[in-house]
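Chemist: In case it helps, TrEMBL gives these features for our protein:
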DOMAIN    1-181  domain 'G-protein coupled receptors family 1 profile'
TRANSMEM  16-38  transmembrane segment
TRANSMEM  71-92  transmembrane segment
TRANSMEM  122-141  transmembrane segment
TRANSMEM  161-182  transmembrane segment
Amino acid sequence: MAIVHPLKPRMKYQTAYWIIFGVWIIPILIAVPSAYFATEHEYPHSALGHDKKIFCAQIWSADQQLMYRSYFLFIFIVEFLGPVVTMSICYARISRELWFKNVPGFPTEQLRKRLRRRRRTVVALIAVLVAYVMCWAPYYSFTLLRDFYPALITRGRNSLVVFYIIECIAMSNGVINTLCFVSVRNNAAKCFGAVKLANWRSLTRAIVGKMAEDDIRTSSMRVTED
């Protein structure tokens with residue numbers, strides 16, 4: 001809205017409050033079936049099957065398979081397919097505004113810097129989209145094969161380890177997004193350097209102030225002779 005439609009009025013506080021409220025409430029409601037059907041489940045831990053490990057997993061009965069598959073497809077559309085399509089459309093329009101439209105004015109060094117910042121923003125947005133797909137596509141692909149085509153993936157120890165590795169990759173997307181948005185700021189390193197410099201200066205001022213205070217106290221003491 002700020003880039004593609006800069007002249008439109010900004011969002012009202014009430015609208016922002018309701019959007020934030022919905023961002024928290026809707027995922028909680030979506031996760032209710034997962035929490036309801038979650039229970040303890042035993043997996044074989046050794047090749048012979050005598051040693052078993054207990055994990056928390058969703059257990060849907062055989063007569064609830066249609067319900068589960070409908071629920072999984074709903075989550076797949078809402079949490080992966082929908083965001084990918086939405087981000088692709090929004091980021092494509094933002095990229096067109098920032099990359100292909102010329103900055104008005106004479107080609108000065110300041111305008112060239114603005115153009116470079118705009119293009120870094122486009123690259124960061126594309127990186128966010130690619131990272132989201134690369135992190136979450138293996139998770140949903142593995143879950144889709146495991147639940148819809150169980151003959152392709154055995155429920156042994158190795159498959160469980162693979163699932164946890166894929167899940168860790170999916171959860172790392174939040175860290176990758178943060179790094180992408182921080183890297184687009186051309187003064188990120190300067191900010192970290194400024195923080196260190198400010199801490200050093202405050203420490204130096206404290207030491208100098210302490211030394212000056214000690215000097216004043218020493219000079220104000222009465223001189224006595226032995």
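Any Cβ shown, glycine's included, is placed from N, Cα and C.
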Chemist: In terms of Cβ proximity under 8 Å, which residues at least six beyond the ends of the transmembrane segment (161-182) contact it?
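Modeler: Contacts of the transmembrane segment (161-182) (Cβ under 8 Å, skipping residues fewer than 6 from its ends): 124, 127-128, 131-132, 135-136, 138-139, 142, 146, 188.
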Chemist: In the same chain, who gets a Cβ under 8 Å from the transmembrane segment (16-38) while lying at least 6 residues past its ends?
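Modeler: Contacts with the transmembrane segment (16-38): 56-60, 71, 74-75, 78-79.
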Chemist: Quick one: average pLDDT across the domain 'G-protein coupled receptors family 1 profile' (1-181), no decimals.
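Modeler: Average per-residue pLDDT within the domain 'G-protein coupled receptors family 1 profile' (1-181): 83.
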